[in-house]
Amino acid sequence: MDWLMGKKARPEREKERERVGAWGTGDCSLYLNPELLSARVTDSDLALLSRLPPLVERREWLASHATMFFNLINLQFSCVSEFCTAESCPCMSIGHTQLCWQDGERSKKVRVTAPQYIDLALSATQRLLTDDSIFPTKYGQDFLPCFEAVARKVFRLLFHVAAHVATAHFSTSASLGLHPHLNTLISHLLVFAHEFNLIPADEAAAIASLASALLAARASEADSHKLAGSTSASQRVSHS
């Protein structure tokens, strides 16, 4: 039970630390590795899944996805959190871009460690998501006029956390066998955010290389499936 409370590392995790060393700590090239990026948990059309369905209210769609992405990103980070420390991540970063925490538009930007930033970001997001006046859960409750502005803030903070995990802790995720989930999560988040204009372009640009690599890996996989299908069809014709 001690390992669950963070007092003692679980024995299996100690073995994973050794495996992380085998991958190396230089995530800058590892998280762009085509072989690793091609791994995912679904081949579904993420653009189609992200599109607003007919007869579904836009704000309801955004609210339900905000909760879903929060749960998935929180879970993804919790799996690698013991590797994200003040020593390993002395500042919050997305690739080569450093971020400062700002609590409110008028507050001063403060430089904090990555684990501090992520704790603040996830806590702030959870407070917003559980506020019934902003994310209503009861029938007949209306959304506030400022809802979409709040939703953009939520997705922006979630993007920061997910992008940090993807760029700074990809080797850990790969060593734990979590990279297919991480690849799918990042891809879905980026596609959904693009569909509804939820993440500022300058911040999304911080992982432009990763986004391009994910897209290329997905396209390459699709081409492989098409080639395999064509080959099988040809073989069937030749045997008939």
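Note that Cβ sites are derived from N, Cα and C of the backbone, with glycine treated the same way.
TrEMBL labels come from automatic prediction, so no person has curated them.
Per TrEMBL, the features are as follows:
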- Cys84, Cys89, His164, His169: Zn(2+) binding site (BINDING)
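Location within the structure of each feature annotated in TrEMBL.
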{"residue": "Cys84", "record": "Zn(2+) binding site", "Cβ neighbours (10 Å)": "21"}
{"residue": "Cys89", "record": "Zn(2+) binding site", "Cβ neighbours (10 Å)": "19"}
{"residue": "His164", "record": "Zn(2+) binding site", "Cβ neighbours (10 Å)": "25"}
{"residue": "His169", "record": "Zn(2+) binding site", "Cβ neighbours (10 Å)": "28"}
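Excluding the listed site residues Cys84, Cys89, His164, His169, the same chain places Val80, Phe83, Ser88, Ser93, Ala114, Pro115, Ile118, Val165, Ala168 with Cβ atoms within 8 Å of the centre of the Zn(2+) site Cβ atoms.
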